[in-house]
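Chemist: Annotated site 'Required for activity' per TrEMBL: R158, R165, in sequence order. The N-linked glycosylation site annotation in TrEMBL covers R158.
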Amino acid sequence: MAEPATATQAAAPVVALLKNELDIVIPTIRNLDFLEMWRPFFQPYHLIIVQDGDPSKTIKVPEGFDYELYNRNDINRILGPKASCISFKDSACRCFGYMVSKKKYIFTIDDDCFVAKDPSGKAINALEQHIKNLLSPSTPFFFNTLYDPFREGADFVRGYPFSLREGVPTAASHGLWLNIPDYDAPTQLVKPLERNTRYVDAVLTIPKGTLFPMCGMNLAFNRELIGPAMYFGLMGDGQPIGRYDDMWAGWCTKVICDHLGLGVKTGLPYIFHSKASNPFVNLRKEYKGIYWQEEIIPFFQQAVLPKDCTTVQKCYIELAKQVKEKLSKVDPYFDKLADAMVTWIEAWDELNPTGPVPNGKAA
């Protein structure tokens, strides 16, 4: 059975890549004792902690970490009426951290994610692997059967077009999990004891035109390339749906990356997911989404963005317009979500007033 790395195993000295260019965003409702295990890897970096739930509760952070902490009162104070676009009582609130960050890169992790071990027993520096993924190109236009050709020991295979070997900038790096898999509630209910012990030593680019179920618990992205698309929607308190926050962000992000000629990678790094959430609680949150996704996913598969959508913000506003036009018939919730998507972009631009995020050429 997979086990997390011990603090001793994780304590080897590490080189902090992009130390001044990356923020770690953590949503939480509890004390962050889990950071002790991550200390060798995370301590050199700046943390943005987004406290969910009761703002009067004090969240304890281990000594020695450089962090800023925002609760619901802070979100309301900073965003004013636009705070309505940030979810409450749901980990979707993490996207507020993306908005207030001033760094080029974001790594986000859940507080029940521990340091995993590779098959040799070595502690995995998940953040380092995400950075390697982000700093090397993606290959979304033609699949390489040796997966990521930019990893050490790999290359482009025979028959791979030389005109595509330069690749494109990588916007997002999606990591995986050992131990508790990221299953939906029905799968949890029929496989309550299933654990993921398979470590697959691979990173691959998700091909253009292919959607994927993005999980937000072990995720990194280039905020300058794709940040405004990483909106985790309206979930939790007062909303008819939960546990689709990262999925929604992933679908929007992938459509926009495909349009702008950017890449998304998945695979390494692994974290150790320590705690299974309650499948009955999850089912209450998910059940509408399980039905809705059968219409949501075809919507995103068929979404086309106009050529004049040359920035992430323009793309996202256009997607919001299409959500309102085509998904409102599924449920009035999507009318509300489309409005929140626009509010999110307005709030993003207010806090990041340097103008539209520059990006690749429109496809």
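Glycine residues also receive a Cβ, built from the backbone N, Cα and C atoms like all the rest.
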Chemist: For R158 (site 'Required for activity'), list the number of other Cβ atoms lying within 10 Å of its Cβ atom.
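Modeler: Neighbour count, Cβ to Cβ under the 10 Å cut-off: 5.
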Chemist: Restricting to the chain of R165 (site 'Required for activity') and a gap of 6 or more, list residues whose Cβ falls under 8 Å of its Cβ, or answer none.
Modeler: P149, F156
